[in-house]
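A.B. asks: Grabbed the feature section from TrEMBL, which reads as follows:
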type	residues	note
ACT_SITE	A:221	active site, nucleophile
BINDING	A:187, A:210, A:221, A:301, A:420, A:425	substrate binding site
């Protein structure tokens, strides 16, 4: 099997397990990973090699909403150090309307000061001018900007602006456009991440994402663009997106690091002429975000194990989430899992530091379904549990209540250290 | 140079730098790393190979206070999951009196339930009985117990109890006894850690410590025993010890993990017949703890760089400490430093997540004295700063106040992953 096939096989095996998104009714429809932002009617996309990356790889993507509606919502990083494109996108989202999203890899345009913000503004203006020339009157305020790559350097603006003209000319509505865009936003990702849900009620939601490091709350992914041909106003989109990200991207934690550039956008064209009930929209957005997180986890930097940490029996869902995050971030737990070592004592040491209601003598831990610690004491055979597989479930029951939550994470491997110690990756 | 010499050379180079302990008057006296718990008058110690470790290495240590005073204080882990010896020691410390501390490596006796607590109690009883036989009437309530090693397994009690009799017979007051004890508590440590301060006013404080992983607040070290021949009551010892640990052990953070067994004890024999003023005692305990932390940092698991993260210009000392800890714990910062990569953007991304007063446009960062980011924007030449040496100073000025604090940490290396992914290390 190729790596991608192996990953997907592993993920299929997870279906019966607890999803970090919590219990949710499965949205009625078909989920496909071969389609992305152009699966929904009313959207065109393109991805090109503009020359921002020295390697010559694709580095500039455009997602364009043809309407008739232009409703949009977004969730942005909670990091106080926000990149210029995040500051820009935060502003343009206040209108609840977007016609286009321009995304570049090869540079985060973060910590670049007022000049960097000027670069983002100029990029949005150039996209608006090119779209207007192309026949769709567009203002810069209708253009969101996303950037990803190294923090701290200015973008090569001559290259970016020339690329903007080219990428507008490449726009097309077929699946290839979405696929090109999904590839153009990759940095250390090894595979493009796309998903589309075709709802049985004749509307569609699709999306693309990138992100392999700096995966943590408050947003796990660096960049994610979702598109739907449903008719929905900005408030409905905003509700569905916030609810979904809180239960998906916010519960994916690879390295505890939170990016300066994290952005998740949801654009609605209304082209299906279907206005789904809020509950259907909520479920569909949640399902798409959940799948996107599974793809991000499976391709995280240096991953050799996909780990789900589930904490049940907590005094509240918040307590369960805090405990699950403490375990998921603990370097000693993560290195033990890399070594396939059922060293459950490290799980207890980690959870013991969580600022939550806890009774050490009530804690039960299991690895892949095998009890390793019962009522705070090691279970027979705990040291012999086989953790050699690629999917590891760490289940903790605190025995003090009914709160439950789960976090997706990965192991801490040599490859993670290697990938992140290379010069300014 | 050997590794130990190299470490010491590096540490000598730090003298002029900001100590995580903050500004403190240097206690008047001579600091020696060749002496430990028996440097102070009135103390005997011993370390033996009792057979607890399968390797046959030394694994049982005893520190004995001959008096005339038996005052004692301790600071224990804040982890809610506390090992049996911590629960025992917490109890016996309520009297403010200790005659002896028995310490074993080769097993943490944590998460072992009531049976494990019974083992600790039996160990203290055996020490008391052996000391009484030896001529010093002692009760179990005067014996603190410390254990270190793998969490979750019961100790081989026949071996431990036989060892207790033997280690009492080995007790002696020379420096060798302290040295043997310091070696017997080592686990993944590569060097024994001892220090003694001979105060100009004719009293002495010495100590030993072990700890190489699970170094984090609330106590950085697994185990540390300090002894002094000063005359001081338990309240004075407690004040000096809490003040010192808050500024030293609590500011050493190698991997964010906090042990179930962390214990720092301070025993006073009064044998010098000197009762130093509280300020002198405070300063001496702080200086000894600070040096012990430098030794622990230098020998941390997988360390290739000794890193000090200093945050100044914060709204308060608490804010500075939170920010420094966020940076010191960030896996992306730590891997970049391992790779000698001056990737300052990761420092900004880390500090941006700190729940403190922050103005992203006021942040200044320097590596080893070279400015890499000024007012939130990259400085010329930032990517060329040389971080190839073993000592890295990360200095951040938030520009919003006068609060300052520092954290000692290390890089995140292949060796850290290797050491912690081996089977149940």
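Here the Cβ of each residue, glycine as well, is placed from N, Cα and C on the backbone.
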A.B. asks: Which state, by DSSP, holds residue A:420 (substrate binding site): helix, strand or coil?
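C.D. replies: Note: residue A:420 (substrate binding site) is helical by DSSP.
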A.B. asks: Is residue A:187 (substrate binding site) helix, strand or coil when read with DSSP?
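C.D. replies: SS state of residue A:187 (substrate binding site) = coil.
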A.B. asks: By a simple count, how many Cβ atoms lie within 10 Å of the Cβ of residue A:187 (substrate binding site), its own Cβ left out?
C.D. replies: 22
A.B. asks: Near chain B: which of the binding-site residues A:187, A:210, A:301, A:420 have their Cβ closer than 8 Å to one of its Cβ atoms?
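C.D. replies: Listed binding-site residues meeting the cut-off: A:420.
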A.B. asks: With H, G and I counted as helix, E and B as strand and the rest as coil, say where DSSP puts residue A:210 (substrate binding site).
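C.D. replies: Where residue A:210 (substrate binding site) sits, the three-state DSSP reduction gives strand.
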A.B. asks: By the DSSP assignment reduced to helix, strand and coil, which category contains residue A:301 (substrate binding site)?
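C.D. replies: Where residue A:301 (substrate binding site) sits, the three-state DSSP reduction gives coil.
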A.B. asks: Please report the number of other Cβ atoms within 10 Å of the Cβ of residue A:420 (substrate binding site).
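C.D. replies: The answer is 27.
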A.B. asks: Using all protein chains in view, find how many other C-beta atoms are within 10 Å of the C-beta of residue A:301 (substrate binding site).
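C.D. replies: Taking every protein chain into account, the count is 26.
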